[in-house]
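Chemist: Pulled these features from TrEMBL for this protein:
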type	residues	note
COILED	351-378	coiled coil
DOMAIN	241-288	domain 'PAS'
DOMAIN	308-360	domain 'PAC'
DOMAIN	386-615	domain 'Sigma-54 factor interaction'
Ligand SMILES: Nc1ncnc2c1ncn2[C@@H]1O[C@H](COP(=O)(O)OP(=O)(O)OP(=O)(O)O)[C@@H](O)[C@H]1O
């Protein structure tokens with residue numbers, strides 16, 4: 001015990017140097033103490049004044065009312081409060097001043113110390129007594145003479161059954177297996193013995209009691225075997241459980257890895273080593289942080305579980321190149337602390353490889369698909385800019401090429417934007433006239449009063465404003481070559497007779513001229529109108545019709561050859577990517593939508609749309625969101641499901657009307673081929689179409 005602690009419970013006397021001997025004697029008498037520290041006025045320790053000093057003063061006849069300071073002992077051993085109370089004992093003094101930093105903090109008398117020790121001894125003895133008495137074990141002790149001098153309560157209860165006292169007797173008289181006298185004599189510890197007392201079996205251990213090197217007695221402790229047996233039973237059950245657990249862990253085909261709550265490795269099963277190929281014998285007791293640091297694992301699920309305090313799964317790589325799916329689960333104790341982290345591990349290297357193989361296969365499939373597409377595309381020809389991707393179109397182009405070999409007049413029919421112009425070009429370029437002019441005339445674009453002079457030319461002075469020297473017409477310009485008369489249905493009825501005659505006679509004369517000129521021109525006519533119907537309704541001359549349609553070629557609308565849409569779209573995409581330096585592509589749903597749309601403006605509309613979305617879309621992949629609503633589901637312009645444009649804000653009516661008018665015209669120009677058709681669809685006259693287009697700056701693309 002520290003001196004400081006001791007001082008807490010004791011009273012110490014303090015005297016000033018000037019206090020008298022008589023005053024000190026009175027204090028000693030009153031406080032029943034023998035000594036006190038003497039201090040100066042500032043409390044600094046000066047010495048010790050004791051009862052002995054009082055006695056000495058009386059016996060020498062000293063003045064008892066004089067200052068005690070002259071009689072005190074100054075040369076004394078002093079102690080610090082942090083020293084042990086045992087230190088002053090044995091130093092032969094009756095009191096010990098305690099001083100800290102020069103100041104007296106108390107004084108300890110030998111008697112005080114003895115009392116403290118005594119109290120302490122009593123308390124310890126009581127505790128030991130209580131323990132011994134409350135023990136279920138039977139404890140008996142014998143003195144040096146071998147006779148019993150102590151029995152605890154359990155021993156008395158069992159051994160003194162008949163109320164017969166055993167104190168003073170020798171135990172081996174009652175229990176021959178125990179001979180305490182012999183132990184006292186020899187000092188040897190006998191082996192454990194088992195005896196039966198009142199139908200109870202006890203294990204008995206006996207020991208000599210030594211004090212220093214002398215045997216002063218012996219003790220025998222009896223333990224009820226029933227207690228041990230129940231412990232042994234419990235132990236057995238635990239052992240069984242452990243065995244089961246071992247068997248379960250070891251028979252698992254998943255790797256199992258167990259760590260404590262500080263991530264130290266406790267247990268690893270065999271499957272773990274087999275799965276990972278790691279030699280884990282050195283892992284036991286190691287911390288997961290170190291194993292990760294040493295590169296055995298890419299990361300540790302145990303550490304993640306300890307951090308997140310819940311089950312976690314990760315993909316872990318081992319130094320042996322395995323990929324593992326590691327799932328760690330925390331095991332909590334009753335206080336909610338993590339006691340263990342149990343990790344089960346599955347080898348997913350094969351899964352990974354399979355995944356890679358799958359990706360590889362997908363890549364190959366994609367490659368094959370592309371090859372297949374390109375194989376299909378090989379079937380897709382591009383004949384002079386005309387993409388031919390269907391059986392029907394193949395036949396049509398074959399026919400056109402065959403027709404190129406003869407000079408027969410060809411009438412190409414088909415909706416606007418189906419490629420009549422291109423087909424006419426093919427016929428020309430595959431004919432013997434290919435190096436001669438190919439003149440394209442849009443009959444609907446020539447005002448009726450100028451038709452004759454435009455087609456056949458005029459002589460100088462033929463009419464006011466006629467050029468000097470005259471001007472050759474398209475027939476003359478196309479001499480030896482091909483004259484392509486587009487929109488032939490728009491030839492005014494009155495002019496048709498003259499035109500027929502020219503075709504039949506193969507000669508014409510310029511306006512204002514008398515001379516007939518022979519021409520050698522291949523005629524190809526085209527129209528998107530139903531000439532037959534016009535003929536029946538008297539708007540087209542029958543004889544001209546039959547003269548033109550010697551060989552009719554009808555190009556089907558795009559909606560009837562939806563199979564070609566993807567090839568056409570791909571071809572336009574390639575074309576615009578190259579001319580705009582882009583690398584755009586379509587998402588598959590875009591092509592789907594294209595194939596479902598009706599394309600009233602046919603290939604012209606498709607081409608314009610592809611160009612528009614390529615230019616407008618910010619991303620490399622063109623998706624559904626880049627397409628106009630009409631293609632994504634709303635009906636086409638000429639369809640019955642057409643919806644009027646919707647406005648999101650208020651604006652002056654005039655502005656709104658003009659906006660809608662402009663949009664309608666723009667759309668019509670993009671999708672419809674001729675002014676007449678636009679006029680028909682929009683329900684206005686052709687001159688109005690031209691005028692409004694000029695007003696909004698809309699041009700044909
Ligand atoms: N099969 C095709 N392959 C590639 N482009 C095509 C094809 N068919 C049409 N086009 C393109 O569509 C647009 C319209 O074609 P073209 O002018 O030949 O049609 P058209 O039937 O003569 O139209 P219109 O009756 O309005 O004069 C052109 O840009 C043309 O290049």
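Placement of Cβ uses the backbone N, Cα and C atoms for every residue, glycine included.
TrEMBL: automatically predicted annotations, no manual curation.
These figures come from a predicted structure and were not determined experimentally.
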Chemist: Find the average pLDDT over the domain 'Sigma-54 factor interaction' (386-615) in the predicted model and report it.
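Modeler: Here the predicted model's pLDDT, averaged over the domain 'Sigma-54 factor interaction' (386-615), is 92.
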Chemist: Please work out the helix, strand and coil residue numbers for the domain 'PAC' (308-360) from the DSSP assignment.
Modeler: 13 helix, 27 strand, 13 coil
Chemist: Run through the domain 'PAS' (241-288) and tell me, per DSSP, how many residues are helix, strand and coil.
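Modeler: DSSP composition of the domain 'PAS' (241-288): 23 helix, 12 strand, 13 coil.
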